[in-house]
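**Student:** Positions annotated as domain 'Small ribosomal subunit protein eS4 N-terminal' by TrEMBL: 1-20. For 30-72, the entry in TrEMBL reads domain 'RNA-binding S4'.
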Amino acid sequence: MLSKLGGTFAPKPSHGPHGMKECLPLILILRNRLNYALNGREVTMIVKNRTIKIDGKIRTDTRYPVGFMDVLSIPRTKENFRL
């Protein structure tokens, strides 16, 4: 998920429905996997605008743990992703 040469620090997921080893923080999914943002600041702006839903609920925490079989939806672009 994270490259060894990509940087020094990695975001830690906050407490939530999935264990730490079975999830990824929302910031990594939006920035590294889906390429919706170039840096963490852009991810924060996207999430704080309340445009991201996880399992049908709006989430505003960039470190929210997204795990196996969770549905990440972006209503503005009408896209849904299942992890």
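Note that Cβ sites are derived from N, Cα and C of the backbone, with glycine treated the same way.
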**Student:** Let me spell it out: take the domain 'RNA-binding S4' (30-72), skip the flanking residues so only those 6+ beyond its ends count, and list any with a Cβ under 8 Å from a Cβ in it.
**Tutor:** 1-2, 11-20, 22-24, 80-83
**Student:** Using Cβ atoms and a strict cutoff of less than 8 Å, what residues sit near the domain 'Small ribosomal subunit protein eS4 N-terminal' (1-20) while being 6 or more residues removed from its termini?
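**Tutor:** For the domain 'Small ribosomal subunit protein eS4 N-terminal' (1-20), the nonlocal Cβ contacts are 27-28, 32-33, 40, 61-68, 70.
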**Student:** Per-residue pLDDT averaged over the domain 'RNA-binding S4' (30-72) comes to what?
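**Tutor:** Averaged over the domain 'RNA-binding S4' (30-72), the predicted model reaches a pLDDT of 95.
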